[in-house]
Every structure is written in structure tokens, then in C-alpha cells.
Ligand code: SAH
């Protein structure tokens, strides 16, 4: 079964967008994953098809109505659907490679994209939405977040990266940032490729890469380095 993504949005035309290109685009064509969009506005009841209203208690902006969103969710993901239901949200659990991998091993995901000031709290509870954040900054809508999440998930689906070990040595997969990479030419503006990489000695190359990965992680991300060390012990 392909990984089935359903995205609920006010801007379905944004999709597949970048996901239609390169690795994820080819995987979409090969039906390794599928992408369906649902226009939330189609579930609005009034003749103006409005989906939002002013925040209770006052304040700036507009809030997505829970009744309309619930109808859209129930249409896109009936009770028999065993895919997780996610809500892109700056308050959510920070997206990381471990969660990406977990999602990639499941049947797919239903992803709700917020807009305006966000969504009514009651629909989050009533439909068990798992809030997911792509970082500590505020976007104007959940669509770019959904694309980031799907791009990360799709690239590690079996068959997508083809002839390689599904990114297992890449940043975060080992708990470390990746070692530096080099390719031809051998001399670039007077700088050579580290000699060891052209030695053909796979044992020494692996040891060199691990040492560089540790060094870089320690310098740039002491938080990751600390958990890596704890894991090692
Ligand atoms: N008022 C909200 C921000 C709303 S931004 C707050 O302060 O928390 C509008 C929508 O953009 C959100 O509903 C969410 O779907 C999306 N969004 C914004 N920042 C995001 C982030 N860091 N990660 C994931 N989604 C985000």
C-alpha cells in the first residue's frame, strides 16, 4: 500500500507544488505515495462560504470555525481511517527525524493546515488532532509546514532514494550531524580533498567520517551531542 497523504487546506492549488518535483515528484508518479487535497471551504454552509470568525474574548485576526473543519475532517478521514491526524501548529511537537521515520512506517497521514490566527481549540480535542510544529517561528499558514513534513517522510519511503541505504548515515539518523562531503575536482581554489578520502581504505574513511561528524555536532549542536553521548554510554 502506498503512503497516503490527505491535506486539508484553504489553498489546494499550492499542492503538489515542490512535492511534484525531483525525488518526491518521481515517487508520486511511481505511486509510492499518493496525495489528495481537500478544500476546507467546500464544507462551509453559508452563501459566502466563510470558514472563519472573530476570536472569542476579542483580539486581532480570525479563527477557523470548528464545525466546518470537523465536517471536512470527517469527510477526509472517517472513523475507520487509521492514519494519524495532524494539525500543523507552532504549538505542536517539534518535527524531528525520529517522528518523520515513525510516520513513514505507517499508512499515511491526514494533515490539517491552519490559517489566520489558528483553529478553534475544541476541534483539536474532538478530532484528536496531533499538533506538529516545523520550528520555532510563525508561518502564515500550515501548507509550507505540511510540505516540509511530507518531503521528509517521502524521501525515506522504500524505493524513493533508490540505490542507497535509505539515508541511514545522514544527519540526525545516527544522532549526529553529517560529516563533510567532497567531490571532484581534486583541487578547488587551491584546496584539496582530504587525503584519507581518496586512500581507498574504507575502515579509515569510516573512522574519519565518524570523528568529523562528532566534532561538527559537538561544536554546532551541543544539545544533540549530549544526547548522543548519553546513548553511547
Ligand atoms: N496565532 C497562532 C499562529 C497562527 S499562524 C499562534 O500564535 O500560535 C497560522 C497557521 O500557520 C497555523 O494555524 C499553523 O497551521 C501554521 N503554522 C504557523 N507556524 C507554524 C509552525 N512553526 N509549524 C507548523 N505550522 C505552523
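Keep in mind that glycine also has a Cβ here, set from the backbone N, Cα and C atoms.
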Next item on the list: Out of 114, 159, which one does TrEMBL list together with 134, 135, 136, 137, 138, 139 for S-adenosyl-L-methionine?
Entry: 114
Check: Is any of 114, 134, 135, 136, 138 (binding-site residues) within Cβ reach of ligand 1, i.e. under 6 A, and which?
Finding: 114, 134, 135, 138
Next item on the list: Check each residue in the chain of residue 137 (S-adenosyl-L-methionine binding site) that is at least six apart in sequence and keep those whose C-beta is under 8 Å from its C-beta; list them in sequence order.
Entry: 90
Next item on the list: Return the residues near residue 134 (S-adenosyl-L-methionine binding site), defined as same-chain residues 6+ apart in sequence whose C-beta is under 8 angstroms from its C-beta, sorted by sequence, else 'none'.
Entry: 88, 94, 95, 144, 145, 148, 149
Check: For the binding-site residues 138, 139, which one has the sparsest Cβ surroundings, going by other Cβ atoms within 10 Å?
Finding: 138
Check: How many other Cβ atoms sit within 10 Å of the Cβ of residue 136 (S-adenosyl-L-methionine binding site)?
Finding: 7
